[in-house]
Each structure stands twice: as C-alpha cells, then as structure tokens.
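Colleague: Next up is a structure, given as structure tokens.
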C-alpha cells in the first residue's frame, strides 16, 4: 500500500495519502512489539484464577461442563476428601488434648474429665508458679511480693521504686523550669542570693540558640523558598537591588545549565513513551520532505542577498579567496626571480678572507696571495669601467 503513490514516473501527478490509508496500519502491532493476530488470552478470567480449558473449544465451540466434579477439589489445589481441621477452634486456640476421633472404627471416643485439668509436659505446666492474675501484657510488674495469707493489703512500699527500675529517692529533674516534654532545654541558671534575675531577663535569653546546638544569628536559608527550589542569585547580590523587575524576570523561562537547558535540540514533538519506531524502508514522508528541502534550496539561491555564500557550495566563497591569495603569492615570487637575474656587483667572498688569515703564518704562500689581490683589483677596475660605459649609453639614449 502506497507504492503507487511514490513511483518515479513523472507522467502521472503525485497522489496524496488519504486519512484511511494513513490509519490503515493502526490496528496492527509491529513484530518488535508483538502481535495481536495469533493466540491470545482474550476473555480469560482475572489474574490467578484457574484457566477454563474444558468448556470452550475452537472447533466444537461451547462445551457443556460436567458438574459432577464441582464438589471435588483438584489435587493441585488441595483436597477435601481426607483428614482436615474442620470443626477445630480458631487460629491460636489451644488444641484439644483429649483425642476426638470419629473416623476410626476401633477407637472409642474418650471424654476423660479428669485429664482436662492437666496440660502435658510438651506444652508446659500450670501446676507450679504462673502469671495468673497479673496485669495485661506490657504492664508494670508489681514489685511488692503478693503473698497470700500474709499482709495482703500492705501498701507501705507502693510509693517507692525498686532499684532495678531506678529510684525516686535521690536527685531528680523534678521542678525544672523548662516546659515539659522530651528534649526540653535544661535551665542552667543558678539562683544566687542577692542577685535575683527577673522573669523578663530569663525569657530574653530564649531568643538565642546555645552554641552546642548551633546558632541563629548569622547567614541562614530563611526565605529561600521551598525544598529543591532553584536559588535566586541575582537580586540579592551586591548591586542586585538596583536591577529593574523586568530584567529580573527575563531569566525565569530559562533552565540553568547545571540542571540542563531548554534552548538546544530536544525531543519535543516526539511520539509517546514506548511507541514502536517506524521501520518502513520506503516512507513517503521522507521523499516528500526531501522534495520540500530541495525546493527551499532553489528558492534561497534565487532570492539570497548579495555577498552571501551559496547553500549548495557554502565554501565556494572561501575557495575564490584562497585562489586569489595563491596567485598574488606566485606573482611576488616571479618578480623576485626577475630581480635576482639582473647583474649585481660581486661581493668579496668570506671564505677567501678566512683562508688568507690561515695562510699568513706560511711564508711560502705570501707571493701567491699578493698575485691574487692584484688580479681582483684589476677585475674591479674592469667592472667599474663597464658600468660607466653603460651609464653614458643610457644618457645618450
């Protein structure tokens, strides 16, 4: 579907995709996401329920279920045909210690009332000391010995705490001036005779946090906003109060770079999370997009402002400059070569002077050096005469 719309023939006009064609593939799931055309669990019961595999068949259709097995639990779910706890007491209740068996023919039901008072040793024993008559679970234990028959109502020690729980007879925190409650600050001010501190002076010290808990008199985060709020570092700096309110609000639509940015490439306009990717090789919208792109390039070439680079070859402008620079450099090299070809006065060679200094000490080479100097002087005189002749000829011309 859609191949004829994107054919390369130029005789027929290009067709457009209709809404029905565009939505034609919405009912199909791609293979990478699965499929909805084969065996499914459509119509199944809720999660964890047994599957109905005997009442419905693809070929025979609906099959009437056999209700004879509805009173029997399958073995994989358990069974209700053997020994059970039917008729037992609730969870956590004491188990009947007297056998109560009715499905054994040879056993008789025994109801020994004498044995119901005694707990067997495997479960414990209540014939000795117990907690019968104690208070509820977690209550304070009565530290005074409750001995039956001897001072049963003696309350003389009820106001004294035994040492295993502490004591209330020595130094305590009773009468502290701080408000009651866990974690209250202890009042450490001592009352000195002749130097009584009034209540106003005592309350004035509650404004300050003591040093061992920190302090509340220096730089804080008071008024900085809610938790994880971006800190406003512009208006409260030195000179920030002079900034106008309009300038302060300009940066409110920009996400700072430390948290990311909303000014560059993003995935805005993408499909929803988890949407299958379009894996078709010949997508019509791609070819249409390329054609629109080429048309936009052509329009730009026709209406581009003077001096701008070509969109097809954006580096052509720099290429021309490079060629001009290379041609000017080559012309300079040619002019230098022409100047070098002109006759120039020969300069005395340094190598010959060095050799003359080395040969001064040799007496045998003095004569040769004198001859060479005479020859050089003659050559210089000849060159000067030639130059004078050339100048005279130029003046005559």
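Placed from the backbone N, Cα and C atoms, the Cβ positions cover glycine too.
Below are the features I grabbed from Swiss-Prot:
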type	residues	note
COMPBIAS	321-332	compositional bias 'Basic and acidic residues'
COMPBIAS	344-360	compositional bias 'Acidic residues'
COMPBIAS	367-397	compositional bias 'Acidic residues'
REGION	301-397	region 'Disordered'
REPEAT	29-54	repeat 'Calponin-like 1'
REPEAT	73-98	repeat 'Calponin-like 2'
REPEAT	119-144	repeat 'Calponin-like 3'
REPEAT	161-189	repeat 'Calponin-like 4'
REPEAT	209-234	repeat 'Calponin-like 5'
REPEAT	255-280	repeat 'Calponin-like 6'
Colleague: What average pLDDT does the predicted model assign to the repeat 'Calponin-like 2' (73-98)?
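Modeller: In the predicted model, the repeat 'Calponin-like 2' (73-98) has a mean pLDDT of 67.
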Colleague: Count the residues of the compositional bias 'Acidic residues' (367-397) that DSSP assigns to helix (H, G, I), to strand (E, B) and to coil, and report the three numbers in that order.
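Modeller: Residue counts for the compositional bias 'Acidic residues' (367-397) by secondary structure: 30 helix, 0 strand, 1 coil.
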Colleague: By DSSP assignment, list the helix, strand and coil residue numbers for the compositional bias 'Basic and acidic residues' (321-332), in that order.
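Modeller: Per DSSP, the residues of the compositional bias 'Basic and acidic residues' (321-332) fall into 12 helix, 0 strand, 0 coil.
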